[in-house]
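Single-structure report; data block below.
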Amino acid sequence: MGEVKTPRQWFLWSIALVYVCAFASIYVQIPGLYGDDGILPVRLQMPKVQRPLLEQLQASPSILWLGPSLGLAPQHVLELICLVGVALALGAVLLWPQRDSLIYLCLWALYLSLYNVGEDFLHSEWDTLLLEAGFLAVLVAPLGLLRRQSSYSYHDPVTFWLTRWLFFRLTFCTGVSKLASGDPAWYDLSALSHHLENQMSPTPLAWYVHLLPDWLLRFESVVLLQSEIIVPLVTFFAPIRRLRLFGFYVQLFLQLFYILTGNCSLLNLLSIALSFSLLDDDHFNSNTSPKKKKGQDKKPKGWGQTLFSILTLLVEFAVYLFILYCFIALFKIQINWEEKTLSSKTNFTQRSFDAYLEVFQELTIWVGVLSCICTRGIASKLWSLIQWALVTAAAATVFALSVVPYTSMAGMSVSKVLPAVRDAYSAVERYQLVGAYGIQHRMISAEGRPEIVLEGSYDGLTWKEMNSMYKPGNVNAVPPIIGPHQPRLEWLMWQAAQGGDETSPWFTGLLLRLLQGKPEVASLLQVDETQYPFSHKPPVFIKAKLYNYHFTDPAKDKTHLQSWWRRQYKREFFPVVNLDDSTLQKLLVEAGLKEKFPVEPSSDTPVSQVLSLIRGHVKGLSGPLVLSTLLATLVGIFLIKTVFSWLSGGRKPKPAPADYKTRKPKEPSETGEKSQAAAPANRGGKKDSNERKDSPRKRK
């Protein structure tokens with residue numbers, strides 16, 4: 001593998017951009033989620049009995065515990081964490097010197113502080129992935145803020161290889177979990193058709209893709225499984241550069257498909273950021289390298305190099321044939337030329353797939369180890385043991401820890417991991433250094449998309465729906481485009497509809513705040529007050545129903561031509577309650593949300609005033625609007641920088657074209673002689689100047 005300076009810069013830039021989106025998205029939702037009148041007030045997590053700060057940080061690492069020392073309310077501490085995170089991440093996006101190890105360490109610590117106090121709202125798979133990828137960015141980024149010059153020569157390429165190992169675990173485990181879970185929708189290849197409407201936030205394009213022929217959707221399911229299981233196995237750690245490029249573009253197109261049909265989530269952005277680990281500098285310089293080689297002598301290849309090139313091509317061709325064989329043999333791909341269709345069917349059972357997992361579990365780990373050892377430059381750098389010992393030890397530790405969650409997939413045995421590694425993982429688990437991916441795969445139901453619909457009433461007879469702006473409710477509403485914004489409440493409601501979390505603390509807190517008419521929580525459902533039926537007066541009664549939603553099909557259903565969805569009532573999700581209901585009061589006590597002390601007034605420090613001022617400007621804005629404004633600002637700044645660099649770059653080399661035209665190109669040999677003659681002349685500056693002055697006069 002060649003140099004990885006450019007892919008490393010792209011990885012660090014992408015991680016900084018993801019941090020911008022993550023912190024900004026959480027900041028918009030803090031009042032409704034964690035404010036004093038939010039669903040799960042963060043002040044309730046503050047210890048009632050003062051404990052030593054180090055002891056509190058050791059139990060749950062978070063900057064929140066510094067709030068009393070700073071004179072800030074818990075909500076203000078969370079807002080300060082998000083704003084500082086956005087500022088640091090924006091600096092890393094715009095200025096390459098800010099992509100420093102210390103900056104990424106601060107970003108990781110800030111996000112870990114949110115994660116440890118965020119409870120259910122921040123315990124998603126992409127939060128865990130961001131913490132792990134963010135910690136790898138600390139190891140990958142240069143440490144230059146404490147020195148005059150920043151240099152990548154102090155960093156071992158094995159640290160950047162860890163990002164490839166994480167990308168492999170993420171992709172491979174995601175694909176394996178689909179089949180290891182025994183989900184029948186993936187074994188009969190109908191999963192993609194149901195997935196398009198069952199995913200968290202489908203886009204309008206998902207509706208159109210859902211209308212594709214059934215045989216094409218089944219074939220796309222095969223392509224998806226191949227891209228997530230077979231392609232990573234044979235390309236991610238391949239010593240052949242073209243195979244790694246093939247794996248990169250397959251994963252890139254896969255993530256673009258997810259973004260176009262299911263909105264751009266942090267998980268997609270992180271996957272793209274990690275995919276840069278498959279590239280090298282030669283790929284970015286491929287357009288300019290032929291020009292550089294035009295003036296160079298082309299040396300004929302020896303028989304050894306020719307034989308090696310032929311073997312490389314044969315191995316590469318064999319890998320492509322293996323992928324094609326897996327398409328045909330494992331999924332019985334057959335072409336019907338008369339009807340111009342494809343037929344596909346799985347040619348294996350879950351038992352045989354579990355046996356496959358048992359074989360490939362240890363094999364993938366050893367392939368990863370071998371790939372790490374073969375990383376370019378590591379053999380020579382081992383001679384500089386003092387310089388590289390710390391980085392190599394950190395990389396080996398992270399790799400060993402990652403084996404524990406990696407082996408937690410269905411069909412894999414954790415007992416094969418060394419006890420010392422398991423104990424070390426348990427000791428540092430609270431820091432979220434490594435995570436498990438894909439093991440939370442949910443069965444895809446063919447009955448439709450389960451969705452919770454909240455209804456409110458003043459008299460218990462007339463009910464009005466409280467639809468959310470980020471998930472299906474009104475069947476005539478267009479599926480939203482929310483971009484990288486992550487609506488945390490809708491994500492939990494989507495999960496609760498599939499798993500039935502009626503008594504979860506967050507759901508009980510949601511009902512309480514809606515009955516109390518708290519605008520911070522109501523804005524999580526609808527920012528526009530005209531779309532919320534109880535904006536002027538809170539409802540007296542609330543209940544929740546469970547519906548099954550399906551995409552409409554104009555060819556089959558003529559009664560829903562103007563609708564995007566059709567739905568069917570399934571059951572009651574939560575009974576009718578009011579503020580004085582005993583059932584609600586009991587659930588509040590069990591969830592720890594029954595407050596026994598009044599809310600303390602917030603301090604009037606300068607920092608609190610600034611935070612309140614910023615919150616006042618953001619209040620009433622939706623998450624997608626805030627993030628799109630931030631991203632548009634970044635694009636504008638980059639365009640301005642590009643124009644200024646083009647203008648400044650265009651002024652300096654103005655004399656060069658005229659100089660170039662007057663001089664004839666010289667042969668390579670003549671150029672070499674001139675450079676050799678000029679070398680000693682430059683060493684004696686005074687003598688050279690005298691000779692230049694005298695020689696023309698003597699000739700005259």
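Including glycine, each Cβ sits where the backbone N, Cα and C put it.
If you check TrEMBL, you get these features:
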- 12-30: transmembrane segment (TRANSMEM)
- 77-96: transmembrane segment (TRANSMEM)
- 101-117: transmembrane segment (TRANSMEM)
- 123-285: domain 'Lipase maturation factor 1/2 N-terminal' (DOMAIN)
- 129-146: transmembrane segment (TRANSMEM)
- 252-279: transmembrane segment (TRANSMEM)
- 307-331: transmembrane segment (TRANSMEM)
- 385-406: transmembrane segment (TRANSMEM)
- 433-575: domain 'Lipase maturation factor 1/2 C-terminal' (DOMAIN)
- 625-647: transmembrane segment (TRANSMEM)
- 651-700: region 'Disordered' (REGION)
- 660-673: compositional bias 'Basic and acidic residues' (COMPBIAS)
- 685-694: compositional bias 'Basic and acidic residues' (COMPBIAS)
Which of 12-30, 77-96, 101-117, 625-647 shares the most C-beta pairs under 8 angstroms with the transmembrane segment (252-279)?
12-30
Are the transmembrane segment (12-30) and the transmembrane segment (307-331) close enough to be called in contact, which here means at least 3 C-beta pairs under 8 A that are separated by 6 or more residues?
no
If I count Cβ-Cβ pairs under 8 A between the transmembrane segment (625-647) and each of 77-96, 101-117, 307-331, which range comes out on top?
77-96
